[in-house]
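Taken from TrEMBL, the feature domain 'NADH:quinone oxidoreductase/Mrp antiporter transmembrane' covers C:142-442. According to TrEMBL, the transmembrane segment annotation covers C:20-42, C:94-113, C:125-143, C:149-167, C:179-198, C:226-252, C:264-288, C:300-323, C:330-349, C:361-383, C:446-467, C:488-507 (among others).
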Amino acid sequence: MLIANYIPLILLVLVAIAVVGGIIFAAEFFGPKNPTREKLMPYESGSDPLSEPQASRFSVKFYMVAISFILFDLETVFVIPWAMSWRESAAMGHGFYSFAVMALFLAILTIGLVYEWSQGGLEWD
Amino acid sequence: MSWEPTLAHYLILSAAIFSIGMIGVMVRRNAIILFMSIELMLNAVNLTFIAFSRYRIDMDGHIFAFFVMAVAAAEAAVALAIVLHVFRHKRSVNVDEMQQLQY
Amino acid sequence: MTMQLLSTLNTLAMLTPPQGAEFAAIVPGMIVTLVALAFILIDVFHRKGTPRDYLAYFSVIGLGVGAASSWYLWDGTLEAPTFFGMLYLDRFALFFSALACVSGALAILCSPAVLRSHRMDRGEYYLLVLFSVVGMIFMAASADLLSLFIAFEIMSIPIYVLAGFLREDSRSAEASMKYFVLGAFSAALMLYGIALIYGATGTTNLEMIAQNLYYLEGGEGQHAGFGLAMLGVLLIFSGFAFKVAAVPFHIWTPDVYTGSPTPVVGFMATAVKAIAFAGLLRVFVVAFPLDVLRGGFFGYGWIDIAFALAAFSMVLGNVVALLQNNVKRMLAYSSIAHAGYLLLGFTAANAHPRFFLHNDAILFYLVAYTFGTIGSFAVLSYFSRRGESVETFEDLGQLGIKYPMMGLVMGISIFSAAGIPPTAGFLGKFYIFRSAIDVGMQTDEFSFIGLAILGVLSSVAGVYYYLKVLIYMYMKPEKRAFRPLEHTGPKVAMVVCAVMTLYLGIFPARAIEITQESIIDFQGVSSAVQATLDLGQQALEARQAAE
């Protein structure tokens, strides 16, 4: 872990800064300028990010989706180490046991999913 | 120059992050930021676990960190639901405005 | 290379299935988990618009089966921890799983009418109580800081939700917010303590922590790792002190008790406190028995912290409770005072390995406290109709005369909480103070006797505010008429609590025997404590043979 090991990384960062800076400056100096109101907004998609927070509230529905995502996403944290070690478990002759443990874990998660579905957590409207 | 990050560096970093989270919980008044500070504390603990685990060449700390992540996700889900619940009643997420229960 | 080899060895051990006999360790928790999972599937097919009382009774029966399974396993305990050093199967764990199941069942019995009156007749309520009980069962049994932390969170997170369950009540929302912020904060502190302990010792298993700390101390005196461990001990203690509502960590208690749904308060006041004490005993007795860490007699260890917290909690809880006008708020401060008495027992019994058997006083106190407290909260939930619930002392006017049964149950519960014979609460306090005085006499250390005297004095002061409840119920004029929430559930809970409080107060022999058996079967202790336990085992067998 010598600092010398990081030299390629530092070089990459320097090159990235140079390239991005170069492009921005080139666009600034050589590009044609024809400003309109829409073009001067930070995002050219037409949505104004500087409006009052009250005006740009978003729906609670996003919250439901985000939370469901986090909860079911984290199961992979446990599934991946299991998948990595299953081969060794099978070599020791405990493959079915190992499989059954993970199946139980997933079954409990599935019950949770069934519950969420039945409560309308997956409906958009 | 030869410089190597050691256990102490990771511990100092994680202690600093943990303290930032702690101060955040004590000083800030916005409920969402309070929860972010608590998440910061949990993740500082994760960093401590991973640093010790790596230092001791032992997998227990990694396993602990996984479970802390799962718990942090469950806490985040509950936290956001509680903030929504409070917001529906008070139209505000400022914890200083929660004085209905003090006499 | 070495790293890969070592981690592979670790993993290989984990990949072998545990012995068949080890599965007995998870039976009580597994029963409650299965009940909860079955509950989800039943609730999916619930017909809309019909009451969910049958789901409440279903969970009560499930919790009853869970408690009965601990009884069934009572004679089949194991000495070594099961599941790769994760869980103990000893009578101490079984005792607390039964207590958690009973407390959860009584709280559920009080709930259906309250929920319906608040238009929140939802299945999730019972589900959350069940999951919380699962966490409690595993926490009392945990043999590793990992299983302890997971169980701690499984216990806590449902209660944060339950505190804010009444969706149309803004006070409930506020209570759950306060409880969550402070609870998550203290859990994070505790977790940092666990991380430091792991760093100092390289393991999270309680027994191996004790072993490695012993080597660390014996090695080169004040090793740097030892300082980490001391900070870790302090942080872990603060996490438990929060859950038991001991004084510097009590700020949440009055607000949360006032705002949360009344049956939930009964549950969190009893089961959470009891299980937090179980975890406290488990962690500190098994993992930190070193004299340097233990301290005692103001040697600045965890015994001294517990000593200080006990003194502050007893005094502050009782004094501030005198000033309260709201009944639930008064009970909140009284629960802080009870935490003080329990910590007094904890301090005395763990000051030296040879006093370890005195821990049975804590267990008995917790049982007495559970029935007494749920009794009074059952009465309060009977009168907590939405918009017209009994809250202040004035609201209690004449209730004892209009509803004789509620008055009687409230009277018994209040007598028990105040420590007036012939109730269980009196015997609980008596055993706690006796053990403190006994330890003080044997060690010639006046501080224990002084603390016991402080406890007696503060509990005498406490009688005033407890009796105020009865005075208002029977002698003060009625301020307004309250319509009770007619339901069988709370009545059953009240009868059970009142009968048990009187039974334990008058015929305590069997209960004391059970608490002694659970303490004697405490696994994973150091050899000094084990010697005490063996002596206790012999004494108990001799007594049983004589009868």
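Just so it is clear, glycine is given a Cβ too, placed from its N, Cα and C backbone atoms.
TrEMBL entries are annotated by machine, without manual review.
Since we're looking at a predicted model, the values are computed, not measured.
In summary, the transmembrane segment (C:226-252) does not lie against the transmembrane segment (C:125-143): fewer than three C-beta pairs, each 6 or more positions apart in sequence, are under 8 Å.
Only residues 6 or more beyond the boundaries of the transmembrane segment (C:125-143), in the same chain, are considered here, and those with a CB under 8 A from a CB of the stretch are 25-26, 28-29, 32-33, 35-36, 39-40, 43, 52, 55-56, 59, 62-63, 66, 81, 85-89, 92-93, 95-97, 100-101, 104, 107-108, 111, 115, 150-156, 158-159, 161-162, 165, 205-207, 267, 271-272, 275, 278-279, 282, 286, 523-524.
Counted over residue pairs 6 or more apart, the CB atoms of the transmembrane segment (C:330-349) and the transmembrane segment (C:264-288) come under 8 Å in at least three pairs, which marks the two as touching.
Taking Cβ pairs closer than 8 Å, the transmembrane segment (C:94-113) reaches residues 28-29, 32, 51-53, 56, 59-60, 63-64, 66-67, 70-71, 73-74, 77, 121, 125-126, 129-130, 132-133, 136-137, 140-141, 261-264, 266-267, 270-271, 274-275, 278, 363, 366-367, 370, 374, 377-378, 381-382, 485-487, 489-490, 492-493, 496-497, 514-515, 518 in its own chain, all 6 or more past its ends.
Sequence-distant contacts of the transmembrane segment (C:446-467) (same chain, at least 6 residues past either end, Cβ-Cβ under 8 Å): 297-298, 307, 310-311, 314-315, 317-319, 321-322, 324, 330, 334, 337, 340-341, 344, 347-348, 351, 414-415, 417-420, 429, 432-433, 436-437, 439-440. When Cβ-Cβ distances below 8 Å are used as the criterion, the transmembrane segment (C:179-198) is approached by residues 145, 149, 152-153, 156, 159-160, 163, 204, 209, 228-229, 231-240, 242-243, 249, 251-252, 256, 260, 287 of the same chain, each at least six residues removed from its ends. Here the transmembrane segment (C:361-383) has long-range neighbours at 95, 99, 102-103, 106-107, 109-111, 113-114, 261-263, 265-267, 269-271, 273-274, 277, 281, 327-328, 331, 335, 338, 341-342, 345-346, 349, 389-390, 399, 406, 409-410, 412-414, 416-417, 423-425, 427-429, 431-432, 434-435, 482, 484-485, 487, 490-491, 493-494, 496-498, 500-501, 504-505, 508, 511-512, 515, 518-519, meaning same-chain residues at least 6 beyond its ends whose C-beta is under 8 angstroms from one of its own. Cβ atoms under 8 Å from those of the transmembrane segment (C:264-288) belong to residues 88, 92-93, 96, 99-100, 103-104, 106-107, 110, 129, 132-133, 136, 139-140, 142-143, 145, 148, 152, 155, 159, 162-163, 165, 197, 206-207, 209-210, 213, 233, 236-237, 240, 243-245, 256-257, 294, 302, 328, 331-332, 335, 338-339, 342, 346, 350, 356, 359, 362, 366, 369-370, 373-374, 377-378, 381, 522, 524-525, 529 of the same chain, restricted to positions at least 6 beyond its ends.
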